[in-house]
Each structure stands twice: as structure tokens, then as C-alpha cells.
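What Swiss-Prot says about this one:
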COILED    62-89  coiled coil
COMPBIAS  78-93  compositional bias 'Polar residues'
DOMAIN    10-42  domain 'LisH'
REGION    78-101  region 'Disordered'
REPEAT    113-154  repeat 'WD 1'
REPEAT    156-196  repeat 'WD 2'
REPEAT    200-245  repeat 'WD 3'
REPEAT    248-287  repeat 'WD 4'
REPEAT    292-351  repeat 'WD 5'
REPEAT    353-392  repeat 'WD 6'
REPEAT    397-460  repeat 'WD 7'
């Protein structure tokens, strides 16, 4: 036996461990032959010695396997970090340029108070308020700059599934929806008093979003909801009436995202599809159906205009489109993939990297990145200028499934707001400090703030 790489003592230990292993596995003839070959008499390998070395070989073997796995994991992690380093923007530029900013670990704040998994988060369009909803039936309002809980809102009788800030110009409201089949409206300027409850859906209400007042004559009074009853409904929040019902999905409608001009709505469903609706017409029908996912489609996002050049290049279009508020979209699924689509319903790219269900998506307001969260506990950043390559992974974003992600809306003076879409914010008259001043000349000021929520009961704030 070649033992050149072992010391004499190590070789003797190995020989005895092998003999003990052979003896324990009823291979006594083989063990005896090895003892003879190694000149180890019975007196040298007595029962006490055999007992001492019993199981040692197996322990050494499993230790080697564990070490090999750890080395492979570390090599993979090192490769990921090297890739991130090679493709990263210098830190000095990231700190100065919000367009290049990406979240990093650790989070600025971890917000703890919910007693059950967190399902949703939403930023106030101007102030440093964040709403979070949970399976504990409550909504909590936080000051995300200070990391402090401001109040707990009770009213729903089952899990809160989504929240959103928005509403009429100069009168920002908070909307929430629940497994109790209702949508509730709360007034932030009046201690979050419940001012209206909207019944009408026949099953759990999965998602709710205010529709921007970008279209001609838009008032900001419209709200869209998605439900397990397979429908989407559009509501007038000033009256509480359902003004349109959208039918087309064959299963539970999971998520909904309005376009910045309020004309289009993107929805996703358990029927494995996404659908784009033109809600400016009296009886909306799906304008485009996104077919390709192999499982339930849980989340969606509409790309901002700043992303058009990168997505157009990915789609092989020489000149980026500039006419529509919806030229490109993203969807995330239980099939663990993210798909990028054009307005015709053509899948232009499949982003692979998550190891579990993709739960939430948000485009960077600067247009270069798409961010995603998933049940693999991670937050991932995909670079649209590099064919959608994953350039950053926050592996410890949470200690359990990450269920939601929102980006604080950018701020522009005197322009209506919509939450989470890189849209514009305005004051609702609440006597609080704004979280950053409006940009000069009406230009949007990107707020480098992201919130995520998880089954680990934590809301996390990633901020510059």
C-alpha cells in the first residue's frame, strides 16, 4: 500500500481503521489477510484496539464528503463574487448615482412586530411611511427611515394579502385586500381611519393597486383588484362602486400591475398565463396573452421607459419604442423562472437562477436592472444591459421565503403618484417630513430604498 503521503503513525492508524471496518462488516478473512500482509499480529490488534477503531473509517469518509461539499459551495460562492466584482459599478459611482444603485447586505433596518408571515409592503408616495400586511390580519405602518413602528391597523378578519398607497390627487389613501373577500380604504391624514369597505369579490382578494391618473381626464379615483374568483375588478374609490369587471383568466388571479398612464393593466394567474388589458375601453378584453410559463404565475411588473433601450436590444430591435406605456413586461412563476416579454406577447428572455418559486419583481427606476425575490430566501439583481445576467445575489436577504418586494416611488413636484412603479409622488397635506426633496425642474428623483417581507416575520429595508 502506497502511504508516501502519510506519516508512519498516520499509515498505522489507517491500517487499523481498515481492519476494524472489515471485521465489523464480517469480512474476517480479508481482515486476516491484511493483518498478515502488514505484519500485524493478533496481539497488536486485540479486541480493545478493534473497539477503538470501530467506525473510524466511516467517520473519516463522511467528513471528507462534507468537506468536499463545503469546498464546492465556497468555490461556487467565490465564482459568484468574482462575477459580481467584474461586472459591478465602482462603489463611489453607486453612492453618487442612483441609477447605478443596487441593494446590499446587511439591510439598514429589520422591522419586527408581525406575528405571522408578511405578505405585502407598500411605500407612501412622498413621506417615509411604509405599510406592511400579514397573515396575522393586521396592517402595520412604519417609519422606514427611523426603523420604528408607528401604528397597527386592525379591521380585516382574515390574512391581509396586499396593500397600496395612491388615490385622488392631493388625497393619498391606503388600500388593502384580504382573504376575507373585502378591500378596505384607509385615510393616512385621519389616523388611518377606515373610510370605506368594498365588497364584491366572491373569493380571496389577492392584489390591489391604484390606477394612475395619467390618462386624459383621469381623476386618480380608480383602483384595480385581483381575486381567486378568477376576475379583476376596477373600483371608483370615491363612490365605492365596481365600475368594470374583467373576465378572461381561467384560474385564480394572483397579481396585477397598472401602466404609468393608467390605460393598461397586466395580470397573472394560476392558469400559467399573464394578460395585458386595455382598461380605457368600456368592456376590456385581454389585448395580449403571455403564454410560456410551466407553472402558476405569481407576480408581474411593467418596465419603465428607461428600460426600453436595454430590452429592445435584447429583443433585437434597433430603435427602442417610445409610443406606448407598455412595451415590455416581466413575470415570475412557480416554475422558478422570470420571463421578459414584449407588448405582442413574445418572450424575449428567460432568466434562470432562483431555486424556488419567484414571488416578487420590481424594475429599477433607472432602467438597467430588474430585481426579484423568491422562496429560495434570496434577492437577485438582473442586468438588462448584459442580456439579463444575474449580477448580484443577496443570499441572506431573509431567513425564510421572501414573499414581496417594493421600490420606494420616485418624487416629482406637482405630478400625481402611483406606488412602486418609479412614479411621481405628491403630498397629501399630512404634516410630516418628506423623504427627500423633489427633483429640480420636475425631474424624477430616484429614492434608493427597497422593502422586502418574508415568512420569517421580518420586513427589511435596504437603502443607500
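Even glycines carry a Cβ here, placed using N, Cα and C.
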Please give the average pLDDT for the domain 'LisH' (10-42) in this predicted model. 81
What counts of helix, strand and coil residues does DSSP assign across the repeat 'WD 6' (353-392)? 3 helix, 21 strand, 16 coil
Beyond the flanks of the repeat 'WD 4' (248-287) by at least 6 residues, Cβ under 8 Å: 203, 206-215, 218, 222, 224-228, 230-232, 234, 293-302, 304, 325-326, 329, 331, 333, 341, 343, 345, 418, 421, 423
With helix taken as DSSP H, G or I, strand as E or B and everything else coil, how many residues of the repeat 'WD 4' (248-287) land in each class? 0 helix, 20 strand, 20 coil
